[in-house]
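Pulled from TrEMBL:
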DOMAIN    46-124  domain 'Cation-transporting P-type ATPase N-terminal'
TRANSMEM  108-126  transmembrane segment
TRANSMEM  146-166  transmembrane segment
TRANSMEM  330-353  transmembrane segment
TRANSMEM  374-401  transmembrane segment
TRANSMEM  881-901  transmembrane segment
TRANSMEM  908-930  transmembrane segment
TRANSMEM  950-975  transmembrane segment
TRANSMEM  1046-1070  transmembrane segment
TRANSMEM  1077-1099  transmembrane segment
TRANSMEM  1105-1126  transmembrane segment
Amino acid sequence: MIQSIHESRLGMSRRSSKVSISSAFPIKPEQLGELHDPKSLAAFDRVFDSNEQGLYKLLKTDQDAGLTLYDENVKDSERYLVYGDNRIPERKSKSFLQLTWAAFKDQTMILLTVAAVVSLALGLYETIGQPVEYDDEGNEMAKVDWVEGVAIMVAVLVVVIVGAVNDYQKELQFAKLNRKKDDRDVIVIRNGEQHVISIHDLLVGDLICLQTGDVVPADCILVKGACECDESALTGETDTIKKVEINVALRKYKEMVASNPGVDIGTVYGDEENVPDPMLLSGSKLSGLCQAIVTSVGVNSVHGKTMMALKVEVEETPLQQRLGNLAENISIYGSLVALLLFIILFARFLSYLPANKKYHGLKPAQKGSKFMDIFITAVTVIVVAVPEGLPLAVTLALAFATTRMTKDGNLVRVLRACETMGSATAVCSDKTGTLTQNRMTVVKGILGGSHFDDTVDAGHKGIRSETVFHNDLSEELRNDVLSNIALNSTAFENKEVTQETEISCNPYHKPRRVLFPWSKNKKVQEHEEIASASKSQKESFIGSKTETALLTIAKKSLNMTDLQSLREETIQLGVESIVQVIPFESSRKWGGIIVKLDNGIFRFYIKGAAEAVLRRCRYKRLSDNTIIKLSPEVYPQDENIIRSLAADALRTISLAHMDFSSRLASWPPKELEDPSNPLIASPELLFGEELNPTGSDKPEIITNDNSGLVLDGIVGIQDPLREGVKESVEQCQRSGVTVRMVTGDNILTAKSIARNCSILSEEQYQDSTCAMEGPVFRKLSKSEQVNIIPKLRVLARSSPEDKRILVENLKQMGELVAVTGDGTNDAPALKLADVGFSMGIAGTEVAREASDIILMTDDFTAIVNAIKWGRCVSISIKKFLQFQLTVNITAVILTFVSAVASSDEDAVLTAVQLLWVNLIMDTLAALALATDKPDDNILDRKPNGRNTPLVSVSTWKMILGQAALQLVVTFILHFCGKKIFYPGRDKISGHESQKLNALVFNTFVWLQFFKLLVSRKLDEADGISNWRARITTSNLNFFQNLSRNYYFLAIITIIGMCQILIMFVGGAAFSIARQTGAMWATAIICGMLSLPVGVLIRICPDEWVIAIFPTTLFNMLKYIVTLKFLKRPLKKEQESLLIEGEPNGHDLLGSSAFERAKLDVLIHKERFKDYEVSYLNPASIIRKWRCSQDLNPSDDEHSLIASLTMVPTLVGGAVGGFSHITIKPSKEFAQTVAVSPSSVGSSSATDDIEEIK
């Protein structure tokens, strides 16, 4: 394989190159750019003298062999210096100084800095400009008024630098992910051989091979093949654009110019619709099979120019937005508290200024210093109250998760997908490559009338394929099968395997660089070492795994030697023996080619899904080349063969051919022409039939009678399950995530594999409603689909449209859906899904562009890892919220109360101390709690719903319990410390008072230290109402798996050591006085109280909290706390019952997730359907039911909370006097009772049903 062109070559000095660039490549990049922007054949006419050969000559390339890498006249380095490569310069990231300045521009930081400067100025004036003062004992008093100003400035600097470092790390992480996300491979022809290289390494003049699903990597000109392009992303043109070869386009263009003199028709965008278009724009999506010459790369291409003109900013994820809103709300309350504190302290300050008052005798500088102390205290409260750590925590959690997910095989393209996967409730997975290994081998089948069996357990009963191919098949049948396999394929030989085989046999061989000898760097060497280690695992062919499996058996059993030679020599590609290629598409499930034989007959080779091809066949070929009619007696025999292969979990493929009339002189015949492109035949007309427009494989109308399709053989391809996929599926099911298989395979094959990997249980395997074919599912009515989907586990023979319908229904039923896809037609389903997974190996580029996450190994296990990391992100944020809100509440209340209660207007915690606390709870805690790795136990939790609150009841329980503990401890030490440590004394000195204040500060920090340990784990007994059952090791052991998180261990060590250092050497800067042993013991012991109190809080069931704080009161408090009354009027609350992206009330009525609530609603609708009652709004009722489930999802009594919400209305109606109602159950209600008899959640609901019946 061609070595990649790496960025090390950019270090070459262009000025040192003395070559004559103009003589080697006279065409400038700007001239080549005029070909595509806008697309213009007139520009091509000017640049290349109206000659296709001029294109190859001036770009020093070949229409068949591509670039010649060892051409003595033109070095590739020179080509690179003229035209560049296909890299687009990265968006310049912000420098560390820019990030530091951005962090400093925070309003509170600026206010605090200004206050610190003023305080420092006043302090210096007191120190330098005032006479020396003495204490009561005649000792000179040290002047340290300036220290606080300096300390605040240093603290602000530390906070700003730490924030900038975190932002810088985030920029580096996401830049690295973006580089990996934008890279992909492309097939090029160089020196006449196909190679796979990175799109970044494309050069002008490269001959590239494109097929359906590719995104065009650079501006190109089509030279071979036929295709269509979706250019809507670039031009806004919604219709696909048909492309023609450059020689055909030039011929038609010259004819149009000759017949329309004086008319400008050279621009493809012109009014003339028939202007031929050979231009492929970079970034467009391609359908078809073709080869093209690259003309513009990198910033000179259309896509590159567009990207350079855009300034892409990183979008916030939904979780970041929610946390941002929460932080904003908390900031408002913190600001209100700070403002109230400032008003109270400033009013008291003014009251001390008159004569005979406390501050009357102070100098102006001292009064100013007192005022600045008040102002700094108020601003510091804002700093502590504002949770800057919330956005930082989610950013760190996402960055950490996405980095580790990349190592686990998930490349995250859209950040929101990382957090969304944590709430996924359904996964619709492909089979091939995701659940299976995608290492396909032909093991069974029938060719002609001869059976073969290469399975391991076939034993003496099976006939090996080599025996069949060599002894039983006629020469004509063997050649046709070989031609169908070899020619009707886009796969190609892996030259590395061939070259390595030759090299291993040549002791004199010395390796040499193929391209750019200066490009080999450490990364390349590592790549080569990995490649060398895995040499034995390399496959002989590159391409579709189905096609490579067929090519492998052709090489092994049909004596196929060199695939490229066969294609070039046997069928003489030079004289265009292949007249049309029909790429495989999942919608029709087959692909084929039309070949002109030596005798002039056009032969159609087709291979595809066994049933789809067999259904179109009219004849069957036997081993001796005899052709018989597929009569009603013969046809079932082949159907049984397909069923037998499918029952063994084998993918079934049919091979067939058809000859067209010998009188046909040219291709295509008039009656088969594609209306949109007369140069090719319409695939739907090749069989003499018109396909069902709904997408069914079964033909509806026979329009004419050609010679008929002849079945040559049926083969079974084995694709073993991936290692560990069964366990992964079981993990998903245990975690509340339903796995469904959506595949194009036969239903018997799909069911067998689904059973093997635990998607289907033995009971479900026998249930016909658990597995269904796509065409059958598609024809069901909407209500029938909704009713069957809860049980559906396998959708076989499905098209991408079937997958899209399934995903759409699941979302309308309230599920949060993840979908895998690999084909171009999977893009709608991938876009529709909440999280779209595309295949990194087998997926098309269109599928990757439509997806949120790329499975780099195409492995289902990576999806389970994505679920783990998604839940880990959510849990990490909740841990941090639990910690930070506790510190916020305690610090703000403690500062406010102590400052108001102090006669000197001094808070017990100084500004510098609070800044240290702020650093702990924001930056350090975010680093500690947002970097936990997930374990398998995280899958024991049920997934969160779409509307799950950020702070649940169990979280509030821990926040309020710990805050109460901290406030009680610090208030006791602050207000009663004198009696505890200095009993019997009415008055203590200023130094002793400072020791007590330092004790409160020390205790407060150690409370946070041990609270950080408590916050490591969320309530694992969520939903368990029995307090005894909540006493488990996993729920109460806060030290579990502590050694796994080195970040946490390092940070908690840093916090502890820094606090000890501050208490010993902090001195005047932190307002610290040396602590006694008793004070140290008090601080540590009081801090450790967080652990037993945390255990007691965990044991306490959530129902006890709900009983103390009723749901209505809780919702009122939540309504006030989240500031909803400031955001929208109360009367509009009903308009926001459903969150954005959820289905409306009528769709929710069909949701399997809310069947019990639905049943209750319908019961009461039958009773009171003639009356308009606001409580009967289904959206409102279901939302209230969901809220009750969030509070206690395990308690079945809450299933009737929807009915209980209507009690006030029903009582009012009874008092007012309802008229008698004749109850006639509606069709909707009857269906609900019939479909979900088990959904009745209580005896009262059952009684209501009986009454209605």
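Note: Cβ is positioned from N, Cα and C throughout, glycine not excepted.
Automatic prediction, not curation, is the source of TrEMBL annotations.
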Problem set entry | pLDDT averaged over every residue in the domain 'Cation-transporting P-type ATPase N-terminal' (46-124) | 75
For this session: Mind pulling out the one from 330-353, 374-401, 881-901, 950-975 with the most Cβ pairs under 8 angstroms to the transmembrane segment (908-930)?
Result: 374-401
Seminar exercise, completed: Under 8 Å Cβ-Cβ from the transmembrane segment (950-975), and at least six residues away from its ends along the same chain, one finds 322-323, 326, 877-878, 881-882, 885-886, 889-890, 893-894, 897-898, 901, 908, 996-997, 999-1000, 1003-1004, 1007, 1011, 1014, 1018-1019, 1022, 1082, 1086, 1089-1090, 1093-1094, 1096-1098, 1100, 1102, 1105-1106, 1114, 1190-1191
Problem set entry | Non-local residues, at least 6 beyond the ends, that sit with Cβ under 8 Å of the transmembrane segment (881-901) | 326, 330, 334, 337, 340-341, 344-345, 377, 380-381, 384-385, 387, 389-390, 907-909, 914, 917, 920-922, 925, 929, 950-951, 955, 958-959, 962-963, 966-967, 970-971, 974-975, 1004, 1007-1008, 1011-1012, 1015, 1018
Problem set entry | Intrachain neighbours beyond the transmembrane segment (330-353), with Cβ under 8 angstroms and 6 or more residues off its ends | 359-360, 367, 370-371, 374-375, 377-379, 381-382, 384-387, 885, 888, 892, 895-896, 899-900, 905, 1121, 1123
